[in-house]
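The structure under discussion appears below in the form of structure tokens.
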Amino acid sequence: METENSNVSRAEELKLLANEAFKAHKYAQAIELYTQAIEINSQNAVYLANRAFAHLKLEEYGSAIQDASMAIEGYYRRGAALLAMGKFKEALKDFQQLKKICPNDPDASKKLKECEKAVMKLKFEEAISVPEAKRRLVADSIDYHSIEALVLVLAAVVMVVTSKYGSTVHGCDRQFDGAGPSSSSVPTEVAVAAIAIAIAIVAAMLMMVGTTTAIVVATIVVVVLMILGACWFSGRIAGVFTKSRVHNLDVDPQYSGARIEGDVVTLDFVKKMMEDFKNEKCIHKRYAFQIVLQTRELLRALPSLVDINVPEGKHFTVCGDVHGQFYDLLNIFELNGLPSEENPYLFNGDFVDRGSFSLEVILTLFAFKCMSPSAMYLARGNHESKSMNKIYGFEGEVRSKLNETFVELFAEVFCCLPLAHVINEKIFVVHGGLFSVDGVKLSDIRAIDRFCEPPEEGLMCELLWSDPQPNLGRGPSKRGVGLAFGADVTKRFLQENNLDLVVRSHEVKDEGYEIEHDGKLITVFSAPNYCDQMGNKGAFIRFEAPDLKPNIVTFSAVPHPEVMPMAYANNFLRMFQ
């Protein structure tokens, strides 16, 4: 890593010297210095673009065209990579340079326009965002019990009042049976104004008119207020679930999907829900809220590093990335059995994104967690984050299948996911990999404050993003985040923490797994035929106690409905597919 940084710094120094030579009209010298910079860091398109200008000054047009072509490709590729990482502002600079080099290129113009829109949206979100210290969590504002009860009580009040006084208020003939969306047509401003005026009238009457008359008028005003207020308030309460439409949480008697009776998520419910998902049916929002909120409470109580005990004679299964491939998840359960106390699982991050059934995957895993916490362990992956979900489809899918409130709610719950697990004090399981420094202890991982979006550096970042490399030592990450680490790094980490094996995921493998670093590291990936195009197998690992010898099971992809991967991904990302 230090060598890499040193090379980048040296290349920049040469570029600055070349720039000075160019200003002094010493174009041949400038070309030589730019060339040296390119030899050190060939990934920087600026050096190629600058050298092209110097060639132009010397009327070396062939060389100028060659450099400019390489620079265009460099700006284009780097801009696309930065977009894919969610670094919109950095990507914008590359597309602006691309537009300068190719002012009449419609493709460059289109990509610049999309990038500008993304940056503008980001700036707007930053401008209206509430400071973290003052922000109220969505999860803390939702009670799937009391909201339903409150809406129903208010509905009953409206029905009683309107029937008693023989009047109706426009917008209050709402459905409270969950049969579909309904809306309150009483604006907030009208409701507030009505309340203010009514209070003023009541006060005036009590002061100016006789007692009997005042009571009659006050009673009439209160009745009107009850009707108007109940209609507005029920709309506002239910409106916590969506910004554009108002939905209540009452379950329609005609609803034929999976139902949770009371607070307990049962195996029968989960089976019914999975069958509904398999047939492309939806779960009622009330139950989706219940599953996600109950999972949040379970995850919040866990440490950042979770210890798992597998008793002698028992087994434990570790799965890698699923990435929204719900029908392949069902196949895993078909091959290896449903999660239970006797058949526990750990899903090692990246449950969502890319695959277009991510919501079905995450609700299924969360439901099993609610049903039996010790039957389902969940670790955070790099895709359990706002920046990834915004780009790779989960955010769009949730918004399409549920609503905006769930987008925020899932983001909050993802921040509660543990970062790593240790099985029987011998097997370290993490989504990404190891660290940029030696000496990291398990206690350091336990001490990580994980309740946040993943940072771009540090232990938490490296746990989610790093990858193994065949060479010894450490090197730059091919992803641009985290690092690459060699067998010696793995060996030292295991020795320092009295561990035997690292199991990680994060990378697609042809056979669904790969054993590296002298057998001390296994990568497991559980999304076969990744994105419907990679042709890889999927895999999971069964560990049998007490020896915990890994038994790797591979499997192929199964058919799924005609919904392409990335169907909900961000528009600008699909431009590069």
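Just so you know, glycine gets a Cβ as well, placed from its N, Cα and C.
Features of the protein shown, as given by TrEMBL:
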type	residues	note
REPEAT	11-44	repeat 'TPR'
REPEAT	72-105	repeat 'TPR'
TRANSMEM	144-166	transmembrane segment
TRANSMEM	186-207	transmembrane segment
TRANSMEM	214-235	transmembrane segment
DOMAIN	283-559	domain 'Serine/threonine specific protein phosphatases'
ACT_SITE	His383	active site, proton donor/acceptor
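Listed in sequence order, His323, Gly349, Asp350, Phe351, Val352, Asp353, Asn389, Tyr392, Phe394 are the same-chain residues six or more apart from the residue listed as 'active site, proton donor/acceptor' with CB atoms under 8 A from its CB. Outside the repeat 'TPR' (72-105), and at least 6 residues removed from its termini, the chain residues within Cβ reach (under 8 Å) are 43-46, 48-49, 111-112, 115-116, 118-119, 122, 387-388, 390-391, 479-481, 572-573, 576. In the predicted structure, the repeat 'TPR' (11-44) carries a mean pLDDT of 90. Mapped onto DSSP helix, strand and coil, the repeat 'TPR' (11-44) counts 27 helix, 0 strand, 7 coil. Each residue in the repeat 'TPR' (72-105) gets a DSSP state, and the totals come to 27 helix, 0 strand, 7 coil.
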